[in-house]
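Comments concern the structure below.
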Amino acid sequence: MTITPQQLIALLPLLIVGLTVVVVMLSIAWRRDHFINTTLTVIGLNLALLSLYFVGQQEAMDVTPLVHVDRYAMLYIGLVLVASLATATFAYSWLENYPDNKEEFYLLVLIATVGGILLACANHLASLFIGIELLTLPLFGLIGYAYRQKRSLEAAIKYMLLSAAASSFMLFGIALLYAESGDLSFAALGHRLSDSYIYQPLILSGLGMLVVGLGFKLSLVPFHLWTPDVYQGAPAPVSTFLATASKIAIFAVVIRLFVEAPMADSEALRTVLTVIAIASMLFGNLMALTQTNIKRLLGYSSIAHLGYLLVALVAVQNHQLSEETVGIYLAGYLFSSIGAFGVVSLMSSPYKGPDADSLYSYRGLFWHKPILSAVMTVMMLSLAGIPMTFGFIGKFYVIVLGVKAELWWLTGAVVVGSAIGLYYYLRVMVSLYLPAPKALNRDTPRNWASTAGGMVVLISALLVLALGIWPQPLIDVIQQAKIIL
């Protein structure tokens, strides 16, 4: 097989992040320096983002039988890189006074980013599986990075065991699909699964197992049990990555799979997805109502957000609006989550004990840090889907898609779930403006806004507001990022 310059350009983001992994590894071997390794990581991720401009100058192409680079892949590569950049930036201040080795953190983030980029380009079940494993394996180390704290270690072990079980389900499902169809590329599966062929028992079993594996990775009900514990136990910057990059990359490949291989034509699969979506929306929101830990609350709310996104998966036959809805919702969710977890990261440090994730830590924050409180308020409003924030645009798209596809039960569940969600997001907001307790158990650095993490949080808040008022520029970009069949 010959590699042409065009193919190399199409793979630029993947190659640049892969090269950054090697450079950071050599830098650690040569000399441990936290600042240098962070800088190398950030430069590598920024170069990968810039390289998307050159990728965009080319036609969509199959670089290899496993990888297809088009505008759709570019959009999600961009979102994954932004999430990874935010994670690396928050990690710098979080790790500043970390007593053990700091540099490996960035190495693990970069390897997981390579997995996310591969998933965004995957058009074959083999690259889907490799991408998911490349994304998941570094997370075992990242979740347990604060291993001196029992919660972090427990979360890592829990995630590792359950993730291994989910991966085995997924692999067995892929094997069953291969046994029946003889090919694993999405396009070939699309041809083979057409008409009555999709009702074969082996095909249905394979699809069922694939749904189990992917449902775990996306933390959908009933495969969600790890989510609150892992979000709570993981260091705050890792929770940012878990909530954003891993979900975005996996959902991107799932949408491509469902568009190219008409899986949603199976009535049984659509029914299963509808039940999972309604259960995720209601369970995620109801469980979040009673939480006093902000990371657990955001963990449960992420279950509900993925439930809302399943509306687009069930309505995938209307695929142009489906793809647009997913792009807009995930972009809004990305910026809102970066802001919310960023505030938690800024208030946390591994040498002070566990992260500042109790709601009590945020009580009266407004009276000490008014701008930080304003940022957190904007993020909660966006996650709740309140007008004038970008989160509202995403929620609006989901409801419009549900109505157009005549999915009345799902649309009703979105409305009910959003109403429940409003209550617990308001709880977080209200606690920020209550009278401050006399003994403040947490505080952020005085100059938080001039730190790199502070700037990322402020930019996220401004983007959420600006795109909430005038979302058209981003909508235009997302409309161009279509899957071309």
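Backbone N, Cα and C atoms are what each Cβ position is placed from, and that goes for glycine too.
Residues annotated as transmembrane segment in Swiss-Prot: 75-95 (among others).
As annotated by Swiss-Prot, transmembrane segment applies to 104-124 (among others), with the evidence given as sequence analysis.
Summarising the annotation, Swiss-Prot assigns transmembrane segment to 125-145 (among others) and lists sequence analysis as the type of evidence. When Cβ-Cβ distances below 8 Å are used as the criterion, the transmembrane segment (125-145) is approached by residues 66-67, 104-105, 108-109, 111-112, 114-116, 118-119, 152-153, 155-157, 159-160, 163, 167, 170-171, 174, 177-178, 184-186, 189, 217, 230, 233-235, 238, 241-242, 245-246, 249-250, 253, 257 of the same chain, each at least six residues removed from its ends.
Counting same-chain residues at least six beyond the ends of the transmembrane segment (159-179), those with a Cβ under 8 angstroms from any Cβ of the stretch are 125-126, 129, 132-133, 136, 139-140, 143, 189, 202-203, 205-214, 216-217, 223, 225-226, 230. Feature annotation from Swiss-Prot assigns transmembrane segment to 159-179 (among others); the stated evidence is sequence analysis.
Taking Cβ pairs closer than 8 Å, the transmembrane segment (203-223) reaches residues 132, 136, 162-163, 165-167, 169-177, 179-181, 193, 197, 246-247, 250-251, 254, 263, 266, 268-269, 272-273, 276-277, 279-280, 283-284, 299, 302-303, 306-307, 310 in its own chain, all 6 or more past its ends. The annotation transmembrane segment is assigned in Swiss-Prot to 203-223 (among others) on the grounds of sequence analysis.
The transmembrane segment annotation in Swiss-Prot covers 235-255 (among others).
What Swiss-Prot lists as transmembrane segment is 271-291 (among others). Sequence-distant neighbours of the transmembrane segment (271-291) (same chain, 6+ residues past either end, Cβ-Cβ under 8 Å): 208, 211, 215, 220-222, 224, 228, 264, 297, 300-308, 310-311, 313-314, 407, 409-410, 413-414, 416-417, 420-421, 423-424.
Here Swiss-Prot flags 297-317 (among others) as transmembrane segment, drawing on sequence analysis. Using a Cβ-Cβ cut-off under 8 Å and counting only residues 6 or more beyond its ends in the same chain, the transmembrane segment (297-317) has close neighbours at 218-221, 224, 227-228, 230-232, 239, 243, 247, 251, 254-255, 258-259, 262, 264-265, 270, 273-274, 276-285, 287-288, 291, 323, 325-326, 329-330, 333, 337, 340-341, 383, 395, 398, 401-402, 404-405, 407, 410-411, 413-414, 417, 421, 424-425, 428.
For the transmembrane segment (326-346), the list of distant contacts is 75-76, 79, 82-83, 86, 90-91, 93-94, 236-237, 239-240, 243-244, 247-248, 251-252, 255, 294-295, 298, 302, 305, 308-309, 312, 355-357, 372, 375-376, 378-380, 382-383, 389-391, 393-395, 397-398, 444-445, 448, 451, 453-454, 456-457, 460-461, 463-464, 467, 471, 474-475, 478, 481: same-chain residues at least six beyond its ends, Cβ to Cβ under 8 Å. According to Swiss-Prot, the transmembrane segment annotation covers 326-346 (among others).
Look at Swiss-Prot and you will find 383-403 (among others) tagged as transmembrane segment, backed by sequence analysis. Tertiary neighbourhood of the transmembrane segment (383-403): same-chain residues 301, 305, 308-309, 311-312, 315, 318, 321-322, 324-325, 328-333, 335-337, 340, 410-411, 414-415, 418, 421-422, 425-426, 463-465, 467-469, 471, selected by CB-CB distance under 8 Å and a gap of 6+ residues from either end.
Cβ atoms under 8 Å from those of the transmembrane segment (406-426) belong to residues 274, 277-278, 281-282, 284-286, 288-289, 291, 297, 301, 304, 307-308, 310-311, 314-315, 380-381, 383-386, 395, 398-399 of the same chain, restricted to positions at least 6 beyond its ends. The transmembrane segment annotation in Swiss-Prot covers 406-426 (among others).
Swiss-Prot lists 455-475 (among others) with the feature transmembrane segment, giving sequence analysis as the kind of evidence.
Same-chain neighbours of the transmembrane segment (455-475): 85-86, 89-90, 324, 328, 331-332, 335-336, 338-339, 342-343, 346, 371-372, 374-375, 378-379, 382, 387-393, 449, counting only residues six or more beyond its ends whose CB sits under 8 Å from a CB of the stretch. Within the chain carrying the transmembrane segment (75-95), a Cβ under 8 angstroms from the stretch's Cβ atoms is held by residues 13, 17, 34, 38, 41-42, 45-46, 48-49, 52, 102, 105-106, 109-110, 112-113, 116-117, 119-121, 235-238, 240-241, 244-245, 248-249, 252, 327, 330-331, 334, 338, 341-342, 345-346, 348-350, 445, 451-453, 456, 460, 477-478, 481, all 6 or more beyond its ends.
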